[in-house]
């Protein structure tokens with residue numbers, strides 16, 4: 001009773017403060033585990049499943065041997081036996097692998113204990129489980145670090161035995177022992193969950209009515225800090241993920257890299273909403289635009305490279321904002337490839353479509369609603385962005401995916417051979433912008449004004 005009175009004294013009279021002070025008296029009172037608190041719980045379940053059921057280590061050279069080419073983290077000695085059989089490794093190397101297998105097995109047991117304890121504690125006490133949750137996620141990350149250390153050490157030893165130089169390429173793309181995407185899942189989830197653990201598990205605060213009020217259209221004050229932060233994230237984190245997939249996953253985990261890019265694409269989009277949650281109708285608009293881009297690409301399947309995807313992504317960026325444009329392009333590239341085929345090119349397409357939409361939102365943020373003056377500039381941007389930005393990015397991807405010798409001549413040959421294709425794609429973007437630009441932008445502007453959503 002005294003604690004409640006004390007909380008009320010510190011309340012400043014606003015409904016949100018009074019509600020927070022009242023609910024803070026009971027840490028177990030919350031909206032339930034069917035809300036945001038389920039995110040870290042489900043992430044931990046995914047990590048435990050990855051540790052126990054999925055294979056972490058891959059040795060492609062064991063394909064035509066009696067041993068499996070993949071192994072689980074808690075059965076590393078099976079991989080060591082295959083290496084000894086195939087490469088005639090010294091006994092000391094096998095003993096070292098057996099010792100690491102024992103250490104990792106103990107680490108797996110600790111991970112299971114920490115993970116299960118966190119899940120149960122989070123269900124019971126929610127925000128009080130923050131510290132235990134962070135320890136559990138970071139411990140699982142250490143497992144990945146230990147497995148990567150062993151794989152790197154073993155690769156260096158195998159390179160010496162086979163007379164190869166221990167270069168970066170021989171320890172990554174051309175390495176004999178590689179880690180799968182399941183192992184790196186620990187690092188990805190830790191980066192996404194640990195910094196926001198307290199906010200996700202703190203369900204005591206019921207959101208006041210003002211959090212759900214629609215936004216009103218505000219005056220454009222130029223490029224804000226959130227947009228600059230989003231641009232920096234797009235230009236650094238997403239390319240880093242793509243090149244990580246090339247060098248450390250050897251372009252074998254297309255879905256994993258694509259999902260990482262989608263998650264990173266959502267971060268700039270959610271930065272727009274500051275301290276409130278995005279409403280369903282705001283997310284639906286993005287989903288509809290991405291769906292139109294996917295449907296448009298499928299509808300013109302019979303015409304090679306003559307597609308409306310880039311045009312729709314540009315319209316989304318101009319009308320809904322740079323962040324929404326990037327998310328529309330990334331999702332459209334990923335989903336449409338379920339019809340056209342997934343592969344190592346998918347992350348590159350997602351990034352290329354996304355950056356075209358993002359730049360459109362930045363360049364034309366002050367020119368919305370002036371279609372007579374915007375038509376020429378928008379079509380010019382559409383053609384050049386697809387020809388230069390999208391085209392050069394995809395041609396660069398082709399050089400890396402070819403896995404031949406990467407040099408100046410390889411890039412030059414790819415750019416020249418891809419130029420006619422990029423011209424067709426750029427011309428189609430101009431055509432679709434002329435046809436779809438004005439009606440779609442007018443409809444999106446009416447939706448924004450009516451519901452007060454996605455004001456870039």
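A Cβ is built for glycine as well, from the same backbone N, Cα and C atoms used for every other residue.
According to TrEMBL:
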- 1-27: region 'Disordered' (REGION)
- 9-23: compositional bias 'Basic and acidic residues' (COMPBIAS)
- 37-57: transmembrane segment (TRANSMEM)
- 102-123: transmembrane segment (TRANSMEM)
- 135-152: transmembrane segment (TRANSMEM)
- 177-197: transmembrane segment (TRANSMEM)
- 228-249: transmembrane segment (TRANSMEM)
- 255-273: transmembrane segment (TRANSMEM)
- 309-335: transmembrane segment (TRANSMEM)
- 347-364: transmembrane segment (TRANSMEM)
- 376-393: transmembrane segment (TRANSMEM)
- 413-436: transmembrane segment (TRANSMEM)
Inset, instruction - Using a Cβ-Cβ cut-off of under 8 Å, list the residues of the same chain that are 6+ residues beyond the ends of the transmembrane segment (102-123) and lie near it. - result: 33, 37, 40-41, 44-45, 47-48, 51-52, 73-74, 76, 129, 132-133, 135-136, 139-140, 142-143, 146-147, 150, 201
Inset, instruction - Can you tell me which of 37-57, 228-249, 376-393, 413-436 gets the most C-beta pairs within less than 8 Å of the transmembrane segment (135-152)? - result: 37-57
Legend entry - Within-chain partners of the transmembrane segment (228-249) [C-beta distance under 8 Å, separation at least 6 from its ends]: 168, 172-173, 178-181, 184, 256-257, 260-261, 264-265, 267-268, 271, 322-323, 326, 344, 347-348, 351, 354-355, 358, 362, 400
Legend entry - Surrounding residues of the transmembrane segment (37-57) on its own chain - C-beta under 8 Å, 6+ positions past either end: 30, 70-74, 76, 79, 108, 111-112, 115-116, 118-119, 122-123, 126, 133, 136-137, 140, 143, 147, 151, 177-180, 182-183, 185-186, 189, 192-193, 197, 200-201, 203
